[in-house]
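Here is what Swiss-Prot records for this protein:
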type     : residues : note
ACT_SITE : Asp744   : active site, proton acceptor
DOMAIN   : 1-182    : domain 'Eph LBD'
DOMAIN   : 303-413  : domain 'Fibronectin type-III 1'
DOMAIN   : 414-528  : domain 'Fibronectin type-III 2'
DOMAIN   : 619-882  : domain 'Protein kinase'
DOMAIN   : 911-975  : domain 'SAM'
CARBOHYD : Asn315   : N-linked glycosylation site
CARBOHYD : Asn407   : N-linked glycosylation site
CARBOHYD : Asn480   : N-linked glycosylation site
TOPO_DOM : 563-984  : topological domain 'Cytoplasmic'
TRANSMEM : 542-562  : transmembrane segment
Amino acid sequence: ETLMDTRTATAELGWTANPPSGWEEVSGYDENLNTIRTYQVCNVFEPNQNNWLLTTFINRRGAHRIYTEMRFTVRDCSSLPNVPGSCKETFNLYYYETDSVIATKKSAFWTEAPYLKVDTIAADESFSQVDFGGRLMKGXXXXXXXXXXXXXXXXXXXXXXXXXXXXXXXXXFFKKCPSVVQNFAIFPETMTGAESTSLVTARGTCIPNAEEVDVPIKLYCNGDGEWMVPIGRCTCKAGYEPENNVACRACPAGTFKASQGAGLCARCPPNSRSSAEASPLCACRNGYFRADLDPPTAACTSVPSGPRNVISIVNETSIILEWNPPRETGGRDDVTYNIVCKKCRADRRACSRCDDNVEFVPRQLGLTETRVFISSLWAHTPYTFEIQAVNGVSNKSPFPPQHVSVNITTNQAAPSTVPIMHQVSATMRSITLSWPQPEQPNGIILDYELRYYEKLSRICTPDVSGTVGSRPAADHNEYNSSVARSQTNTARLEGLRPGMVYVVQVRARTVAGYGKYSGKMCFQTLTDDDYKSELREQLPLIAGSAAAGVVFIVSLVAISIVCSRKRAYSKEVVYSDKLQHYSTGRGSPGMKIYIDPFTYEDPNEAVREFAKEIDVSFVKIEEVIGAGEFGEVYKGRLKLPGKREIYVAIKTLKAGYSEKQRRDFLSEASIMGQFDHPNIIRLEGVVTKSRPVMIITEFMENGALDSFLRQNDGQFTVIQLVGMLRGIAAGMKYLAEMNYVHRDLAARNILVNSNLVCKVSDFGLSRYLQDDTSDPTYTSSLGGKIPVRWTAPEAIAYRKFTSASDVWSYGIVMWEVMSFGERPYWDMSNQDVINAIEQDYRLPPPMDCPAALHQLMLDCWQKDRNTRPRLAEIVNTLDKMIRNPASLKTVATITAVPSQPLLDRSIPDFTAFTSVEDWLSAVKMSQYRDNFLSAGFTSLQLVAQMTSEDLLRIGVTLAGHQKKILNSIQSMRVQMSQSPTSMA
């Protein structure tokens, strides 16, 4: 950059000459005939010449190195005549650094001392007189460089000693590297260094919309004002592309650039868009998504449609599901499948997630195949399976995965394995064993089969001592096994040899057959020495017991005499009522006898003795499922330490209760806690140390038997219904053996679990303690509440409740089961029911009821309670029916029992009906009213012509309902043919 150039001057230069007669400023012309200002001197003929010429003040403007360029002419000394020997053809160039003006016309210093010599200037060519005469300046050019340190300016001085010279032009300038954009970084103009070899570092900054890649960003400026050695660089950031390598331009709408770099903007991938400039990413359109691992350059994809064409193959309690892939994969190739399993109630109105026991092969989630095998399901249970199709973007969608559902109901299956056996006692010749019910009975357990044999070696396994062992090695005696059967979960193996080890296995049987045998367990009979030792240990106890027995008998005789005398004067009904709860019948030897909690002076003591206290923190209440006498009933979960979580039913005592109500509420737990039978509802425990007070029992998925049967009218076979009745009878037999009288046996008080196992429940006494006139089921009688339709006549008339009166109630339950939950005695009043029974009328057989079952009902309804069958006999009779299903094929009719008058409700009087609605109501099929009317069957004449195909067409699909309606239509036709004009 030029600091001074005399060629551009249009006025006097104003330099300082010394002496004044030395250098003279004159005008001249350059080679191009341009006017220029020059200085000349030629005092060669005068001695001692020392002519100085000093430039004006030159501002260096930060330059570290200043260059001077001079154009001049020098006279050839030889062309001058008589020139003295001091004539020279050179002159000297000096410079001086200063911060201010150092010379004027009046003052200056003219010695070499303060100046720094740049060079002695000599011309390449000197000129003669002729050349110089035309004032056309031709001459030589000389360039010199001077380094400037810290001063702000410099002055140049030319000293001519006895020379004839003219300074045609003088220029001072410096070099710099210009501002430049390189590698998308801008570098400022930079002065060269003080030395010609200097490299000056210049820091760069990224241009707008560019970002550093390598740091630091710098260039080097060399002494010639040239950039060199680039280090570091910038590139255009995401959303911008390079333009001519000097700028970063925003990506237009509809394009994007995902990352920093030299790449160009690209069009948005399919199913995406960018509505603004400089987009680093194209947003997916509605309904389309990117997976977390999808690059921005990938197309947006959607979720798959649901699987298609599901095929289900049910095999007892397992199922195979197969399906076709979805029609739409969403544009992806990572489709997998999830299986959602839901276990439902019989009416499918409520479903819940399957428990963790259900097994899926190969897996439940993330299936890549279109097939899954599902096992360990419950028998006779409706299930809904959802097959979800998912892909890499399904988790991005706000909607649940597309799926296809399939409803299935599992079949009857054999029971699961009995988990373990325990030895109750042993003698020299026998072993008494017990075992829990299989975890999955898959129906009603009919009986158990035990297989046992004598082990040749007395050693079972090294880690087993005493009575219980695990699987022993194979034994040749195994092929000579003996078999025993038991109708309960206890058995006594007799006829054994003393001191021998026996290997025992057990399996359960339902109507579906036998389950698998349990693992082999080892048990040992007593040796003669063992028996004698045990006898010696028990002898003092036996003697003491005998003595106590004598005292007890004497006391009992004395008490009996006193009580018999008092009985003549006492008519206390309540006491005798309580007494019958535990003093009826005779218990078997060694059988535990029921103890009435109301005989305790402190009823809370009975609760503590018979019911386990549960910490409320182990209980989780989920939803209300009903209401009881004392409060609401909930479904919940119970997780006891060391045990798996189970569903439970939770009865609560409402707030504001009295102490009497609390005692009455907990009395049911005191009763239930004494029972342990697979057909009796199981008490888990009570919560009495916090509020609300709770009774916790096992949860029965299908609820009360009467409503369950009504919901599944016609859906069960006769053998299944008999299996249910057998379970109820087994539970009642157990209660009778405990000397407990239920008093309120009815289908509404039988609960059904998911395996169709029926369990007797409702042991509360609230109905005797509260007079709720809103419930017509119970009628006041002698100060108590009695369910008339289910109660034996002697109990209604005299409050004589015994196990025999429970047998009468059991006969009514049989009728309820075989009629699929119909109300006993239909819409007759309680008084009409009492009158009919007194006149020896009995209920007729339900539709399609086997004659053998109806006969058993009639046996239960014998007026003389002593002639009714015992509950043990009923269990045996039902077992025979189950073993011989052919005995159930004969269907009972009203005319088949001429000796017993029956209430006749099987053929209603159709002449009394005025509409189809009345007729449907009479046959308990009102739910099909709209089906009949919308299909055009608006009169009884049209209904009488209907066929089974017509019923299917209008939506009557249940086989039991079809049969009931067709039987009624057949009877209607008979009455119409007998009285053709009697019906409108």
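Backbone N, Cα and C define each Cβ position, glycine as well.
Swiss-Prot feature annotations superimposed on the structure.
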residue	record	Cβ within 10 Å
Asn315	N-linked glycosylation site	12
Asn407	N-linked glycosylation site	13
Asn480	N-linked glycosylation site	9
Asp744	active site, proton acceptor	23
Candidate recorded positions Asn315, Asn407, Asp744, pick with smallest Cα gap to Asn480 (N-linked glycosylation site): Asn315
Helix, strand and coil residues within the domain 'Fibronectin type-III 1' (303-413) as assigned by DSSP: 3 helix, 52 strand, 56 coil
Local confidence of the domain 'SAM' (911-975) - pLDDT mean: 83
Pairwise CA distance, the residue listed as 'active site, proton acceptor' versus Asn407 (N-linked glycosylation site), rounded so that it is a whole Å: 37
Inter-residue C-alpha distance, Asn315 (N-linked glycosylation site) and Asn407 (N-linked glycosylation site) (nearest angstrom): 14
Counts of helix, strand and coil residues, the domain 'Fibronectin type-III 2' (414-528), according to DSSP: 6 helix, 42 strand, 67 coil
The domain 'SAM' (911-975), counted residue by residue under DSSP: helix, strand, coil: 46 helix, 0 strand, 19 coil
